[in-house]
Amino acid sequence: MSSVRIECVAKEGCRIGESPVWDEKEGALLYVDITGRKVCRWSPVTRQAQAIPVDAPVSSVALRKSGDYVITLGTRFAALKWKEELVTTITEVDKDKANTRFNDGKVDPAGRYFAGTMAEEIRPAVLERHQGSLYTLFPDLSVVKHFDQVDISNGLDWSLDHKTFFYIDSLSYSVDAFDYDLQTGKIGNRRSIYKLEKEESIPDGMCIDTEGKLWVACYDGGRVIRLDPETGKRLQTVKLPVDKTTSCCFGGKDYSEMYVTSASDGMDKEWLSRQPQAGGIFKITGLGVKGVPPYPFAG
C-alpha cells in the first residue's frame, strides 16, 4: 500500500475538528470545530477554509435537500444558511439536562438526521458517564429518542443495503451494529462487531466505503482503521502525523479521497510542538477505494 499519500490541506488548526462532509454542489469539504464554535467549508480550488461562527458548541453538519445545511448546535437541531450566516433553531433535546451537548450526527438514506448527545467534557474524553442519548430528527421535524445511558455518542453510518445501522459510543471501545428498518427509521438487536485494540485507543467518527467496509478514526490513536463488519476483522491501518484523529469521510470528484479531521484541545505546548499539524484537516489519497456520497436531510 505504498501509494497511500497523506497531506494536511487545512492548516488553520481546529480545537476539535469533526463531522467532515463532502458538498458535491460546492465542490468543497464541510466540517465543524466543536469548541471553536464554527462551521467551516474548505475549497480544494482556493485551498482556503471559510468559517461561520455560531453561539454554542457545534458538533455536526449535514446537507439539506432544500439547500444549505443543518447542524447540531449545543442541544439544538438547527438550520444554517451559509451566505446569510443565519442559524435558526429547528428543535431542542435533552431539556431535562443542564450539562449535555450534541456530538456526532449523520443523515440516513431516507433523509433523517441521526445525532447523539453526551455530557460536557471536563477535559477531553473525561466526563460524567451515561448522560447522553441517541436521537433522530425526522423530515417532518419531529424527534424520536432511541435510547439513553450513552457516554460519548459518536460515529454512525448505514450498510450499503440499508439494513444495518453502525454506531459508536466511544467509551465502550466498540463499533456496534443494529438491525435497521429504512421505512420507519427504527433500530434494534444491538451487537458489537469490533472491539478496539489498546493502541487504537478511542473510536470516534466513522464512514463506509463502496465495498461495505467501515473506516473509523481513532481518537488518541493517530490513525484510521478499515474494518470488515461481516467478519469483525481489521483490514487496514492508516497512521496520521497527529494523535487526535476525530472523524473521516470520502470526497473529491469521484469520492476517492478520504478527509480526516483532528483536534488540538487537551494538548500542551510540548505535545503541540511535536505535532504542529494537530487540529488540521488531512487528505488521504491512494486508498484504492471510494466512498458513498452523503445523504441530504429531507426536511
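Every residue gets a Cβ built from N, Cα and C, even glycine.
As annotated by TrEMBL, domain 'SMP-30/Gluconolactonase/LRE-like region' applies to 16-264. TrEMBL lists Glu18, Asn154, Asp204 with the feature divalent metal cation binding site. According to TrEMBL, the feature substrate binding site maps to Arg101, Asn103, Glu121. What TrEMBL records for Asp204 is active site, proton donor/acceptor.
TrEMBL feature annotations superimposed on the structure.
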residue : record                             : Cβ contacts under 8 Å, 6 or more apart
Glu18   : divalent metal cation binding site : Tyr31, Val32, Asp33, Ile34, Ser59, Ser60, Asp104, Gly205, Thr246, Ser247, Thr261, Ala263
Arg101  : substrate binding site             : Ala56, Pro57, Ser59, Gly74, Thr75, Thr117, Met118, Glu120
Asn103  : substrate binding site             : Ile34, Ser59, Ser60, Thr72, Ala115, Gly116, Thr117, Met118, Gly132, Ile152, Ser153, Asn154
Glu121  : substrate binding site             : Leu127
Asp204  : divalent metal cation binding site : Asp104, Asn154, Gly155, Ile168, Ser170, Val216, Ala217, Cys218, Tyr219, Thr245, Thr246, Ser247
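Listed in sequence order, the residues Ile34, Pro57, Ser59, Thr100, Phe102, Thr117, Met118, Ala119, Glu120, Leu127, Ile152 complete the 8 Å Cβ shell around the substrate site centroid, once Arg101, Asn103, Glu121 themselves are left out. Every protein chain considered, the tally of other Cβ atoms within 10 Å of the Cβ of Asn154 (divalent metal cation binding site) stands at 31. Within the model, the domain 'SMP-30/Gluconolactonase/LRE-like region' (16-264) carries an average pLDDT of 97. Residues Ser19, Asn103, Asp104, Ile152, Gly155, Ile168, Ser170, Gly205, Ala217, Tyr219, Thr246, Ser247 surround the recorded divalent metal cation site, their Cβ atoms falling within 8 Å of the Cβ centroid of Glu18, Asn154, Asp204, which are themselves excluded. The maximal spread of the substrate binding site, taken as the longest Cα to Cα distance among Arg101, Asn103, Glu121, is 11 Å.
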